[in-house]
Structures are given as C-alpha cells and as structure tokens.
C-alpha cells in the first residue's frame, strides 16, 4: 500500500498580491463593458499608502482608474487607517500606456477565426474526480477556508478579523485515495485587542470545522492557527503586492503543471489566460465523461498563429481509452484557436474580477467549468 502527503495553499482576497490581481481584473472588466475589442494587459503594485496601476491598454473605453482602484480596496475591507491600508486615502498612480503595434499586427485579422495568439507559450489544464467540482481536494479546501474567513469577517461574526489571511491543507493519501487531513495551517490578520485564546477558538469553530469534512479530521490532525502568535500588521503594510504572483493558488495548488503565465489583468486575446481556461474546460469534460479519473492537457501557441502548435493529453494511467484517441477527440470537439475558444467559452464579458480571489477553477459560475461536451465525448469514444 502506497501512502503519501500532499499540500496546497490559498490566500485571502486581502492578501497584497490578491489586492493587485483584483484591481487589475476590475480595470479589465470596466474596459470590456465599454469596448469588447480592447487589448488589455494591466499590472498593479500595492504598498503602504499607495497603489500603482500600469501596463499596456489599447481601447476606446474611458475608465476612472483612481476611483475604481479605491472601490476595490474598500470592498475588500481596507477602508480605515487602523487596517494599515485605506482605500479612501491611499495614493493611486496611473502609468498605463498602449499595446505595441508590433504585437497588434500578429493578433488582429480581417477574418476573426484567423486571429493569431497574442504570444507564444504553454498552458496546462487539469481535472480529477476526487471532488464534486472535479478539482484537487487540497486546493479546493484551502480556498474554502479563505472564503469562510472572508464570510465571517464581513458578517461581523468574528469582528476582530482583518482582510489578510493564508491557509494550507495537507491531505493523507493511501493508494491514491484521501484518508484524512494531516495538517491545517491558518494564519489571519487580526485586531490588536483580541486574545490568542479567543482567536484560536474562533478560527477553529467558525472557519475550520464548518469547512473541512469531519470524517477527515482525527486526534492526529495537526492545527497551526497563527503559529507566530501575532498578525496585526498585514496587507500592503506588511508586504508589497503584485499582479500575477499567485499563479499556483490561482490554478491547481501544485497538483498539476503550470505554463508560467499569470491570468489577472489580461484580456482574452492573451492565450496565457484564455487557453489555460480552455485547457481546464477540455480536461474537466474528459473526466466528467468518465474517460479518465485524472486528466491533464497541455496546449502551446506561437505568436500570430491561430492553431495550437501542440495538444497533449495525459491521464496518468487512469484513462479508459488511449491518450491518442483523446487527442483526436479534443481536436474534433473543441476549437482551440484564440478566437474559437473565446467564442466557445463566451470570454468577452466582465467576469474577471470575481476570478481574482479564491481560484479560477472549480467554481461553477465560470463558463470554462461547464461539462456540456461530456456526453458527446463519451459517445464518440465508444463508451455508450
């Protein structure tokens, strides 16, 4: 019998890097509302008392960058100097320029179906049947812990919580099946006055226990709640934040490979983002069809070229049909050209700010989480 541990982490919407991601995606959403053909690459930097928004944007839209940035920061919960960061009073600097014409000529075409990829690169998508959302369990529960932290903070149930937090979940596997939780780490920013006893009790009873399956917890499970003891200084006052610094949190928590490209602040013509979403869509439909228990897709592109330069399917020995057949089915049922996948997943809509915290995958409200091709794949593979 083989046994092993696997760990994934998540961070809250108030983590400095996630503040930056949410600002970048809020800018993208506001532009897409006005100009569906916009080209957006928006980067944000946050530090004590300031937010810098920059990047390359080509659009006919007008967005009030300063007020939008302040609103995002306040919505997260940084709206008073006691938090160490205040959306009402921080400086907001705008350093946005235009996209290079050299890139534009490779992307835009008279026939939209010939639209080239905005850059070269590799992208991965993954799915596994170990959770109901066909995502790895460790990252799924790490995200849910962070969502719960925000819920009880914003509702006032634990009024001493502050926006910055991190979680980490270590699961025990035997013969590739989860048998329990080995360890949970949860660090959360808090107000000055709360005692360590009240903090530990509140986090355990209101965040950890309601989220993790009780049958996975035992007297051997280790809990590390604010293990340094004090976490008053947090958010951008504690660390600077940058767009695109949490790419493993954003995806599969290390359970699958990553092509290296970040998502937030990029419009769907950037295959770093849109092709990674399409790869997840393909992998999830293959698993939902029962063609594999685990599936990883790799796509690659060349700048200015429409068709992917490669498609790879890996099922880790769990496939019900040959990987070569799966590759041919992917080519048959999924249009993975940049314009094709944008149409397939309806990506020209203002949905991106919501992706920028708690993971881009495993959340049913996003179009790349549909399993509408599963039945067709199953029939075509000869399993029905």
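Each position is counted from 1, following the chain as shown.
Heads up, the Cβ atoms here are built off N, Cα and C, so glycines get one too.
Feature annotations, courtesy of Swiss-Prot:
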BINDING   15, 164, 165, 166, 230, 231, 239, 245, 246, 262, 266  ATP binding site
BINDING   17  Mg(2+) binding site
BINDING   43  K(+) binding site
BINDING   56, 99, 239, 270  L-methionine binding site
REGION    99-109  region 'Flexible loop'
Have a look at the binding-site residues 17, 43, 56, 270 and say which one has the shortest Cα distance to residue 246 (ATP binding site).
17
Rounded to the nearest Å - Cα separation of residue 270 (L-methionine binding site) and residue 239 (ATP binding site):
29
Quick one: which of these binding-site residues, 17, 43, 56, have their CA within 10 A of residue 239 (ATP binding site)?
17
Work through the binding-site residues one by one (17, 43, 56) and name whichever has its CA nearest to the CA of residue 165 (ATP binding site).
17
By Cα-Cα distance, the member of binding-site residues 17, 43, 56 nearest residue 230 (ATP binding site):
17
Give the number of CB atoms, excluding that of residue 15 (ATP binding site) itself, located within 10 Å of its CB.
28
Rank the binding-site residues 43, 56 by how many other Cβ atoms lie within 10 Å of each Cβ and give me the one with the fewest.
56
Densest Cβ neighbourhood among 17, 239 (binding-site residues), 10 Å radius:
17
Return the residues near residue 266 (ATP binding site) by Cβ distance under 8 Å, restricted to its own chain and a separation of at least 6 in sequence.
28, 40, 41, 42, 272, 273
Which Cβ among the binding-site residues (230, 246, 270) has the fewest C-beta neighbours inside 10 Å?
230
Rounded to a whole number, how many Å is the Cα of residue 43 (K(+) binding site) away from the Cα of residue 17 (Mg(2+) binding site)?
11
Where does residue 17 (Mg(2+) binding site) sit in the DSSP three-state scheme?
helix
CB neighbours of residue 165 (ATP binding site) within 10 A?
27
